[in-house]
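**Student:** Swiss-Prot feature annotations, pasted as is:
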type    : residues                               : note
BINDING : 54, 55, 56, 57, 58, 59, 60, 61, 62, 63 : NAD(+) binding site
BINDING : 166-213                                : FMN binding site
BINDING : 344, 347, 350, 390                     : [4Fe-4S] cluster binding site
């Protein structure tokens, strides 16, 4: 369990003001110039040593990602913060944007300095109107105080941070589709290589990071890499914001140590499963794009490696709890409709496959399929998985794979009951 003094996001639930004065009282912008004076290599190495892995879902080493940026270039390079949070079941970045905007802005400054970027863009989901307003107010405060802009914090480093609002497309959460949108084009993923670190925004080297990944950086640098690395488990260090929703007594967002038990997380912070743990049916542990886990696997540790071993993934940390009253087949069919709607249509397997899967899933809800079609559906998900430019095809396939893997008997019972009728 995370100690109170180890929490990074002390205003996660908005009990205090999010303005600059209150943020400074909570420790934001404390000796930021001293951190910048330590140099770029120090910041990158410290983040590497901390073991911080991307909090947007991929789990790639943040410090390693920064080190890929070319050095001593004459042309511009950019930092882009992905605040296009659109994953069903996920609302962690939204609370950071609402209640801890200065943590994010200070993190943007430090990360921009570390990679040599004088310009940073925060790409925020279009529907996040109030959150965008809070960020813009915080940016205005930071500019007025000289914390960002020309000679940021008196360090001699110039850093401009811009807020860019998206238009509600889930696909723009994919880093290269986000760059396309930022350039004023249709948000469609790019082929890789070239990777953004070599050819990103406007053809310049670019690093794209998640909101939470950037917001924890100032605290890591102040308290030290060893402090952050001492929380959680080896290779899964630090704290993480988990979003707990669905059939629990008290849905909430909570910051906890990586590696905490899923059961402990739900019972300690969300008041337990509605009707008790025995009433649990399944949990989606990391946002809608990861396979669900049946009750028998729901005492797993919440970290990248443990969940991968269990056949799922940590993803965004969006925990969706489903009790015995859930029509699990319909729940996954509803997710299939989401991915069909959000496919950009660029890749044939995703464009055609997501629609086909949704249509079969809706027949499956009624039981109006043959048993052989279960395997046919599974084969189609595997044909889509890994055969698209971005991971949306995988995200559409994995929930269905998890359903068939763990609830095949329920699907077959549905088919049998339909045939009897």
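Keep in mind that glycine also has a Cβ here, set from the backbone N, Cα and C atoms.
What you see is a predicted model, and the numbers here were worked out from it, not measured in a lab.
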**Student:** Based on Cα distances to residue 54 (NAD(+) binding site), point out the closest of the binding-site residues 190, 196, 202, 347, 350.
**Tutor:** 196
**Student:** Have a look at the binding-site residues 184, 196, 344 and say which one has the shortest Cα distance to residue 58 (NAD(+) binding site).
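**Tutor:** For residue 58 (NAD(+) binding site), the closest Cα among 184, 196, 344 is found at 196.
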**Student:** Does DSSP give residue 202 (FMN binding site) helix, strand or coil?
**Tutor:** helix
**Student:** Out of 60, 344, 350, point to the one nearest residue 178 (FMN binding site) in space (Cα versus Cα); all of them are binding-site residues in the record.
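**Tutor:** Checking each of 60, 344, 350 against residue 178 (FMN binding site), the shortest Cα distance is to 344.
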**Student:** Determine, from DSSP, whether residue 166 (FMN binding site) sits in helix, strand or coil.
**Tutor:** coil
**Student:** Compute the C-alpha separation of residue 62 (NAD(+) binding site) from residue 350 ([4Fe-4S] cluster binding site), stating it in Å without decimals.
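**Tutor:** Cα of residue 62 (NAD(+) binding site) to Cα of residue 350 ([4Fe-4S] cluster binding site) measures 29 Å after rounding.
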**Student:** So among the binding-site residues 58, 172, 184, who's got the most Cβ atoms within 10 Å?
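**Tutor:** Per the Cβ count, the most surrounded site is 172.
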**Student:** Helix, strand or coil by DSSP: which one applies to residue 208 (FMN binding site)?
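**Tutor:** DSSP assigns residue 208 (FMN binding site) to strand.
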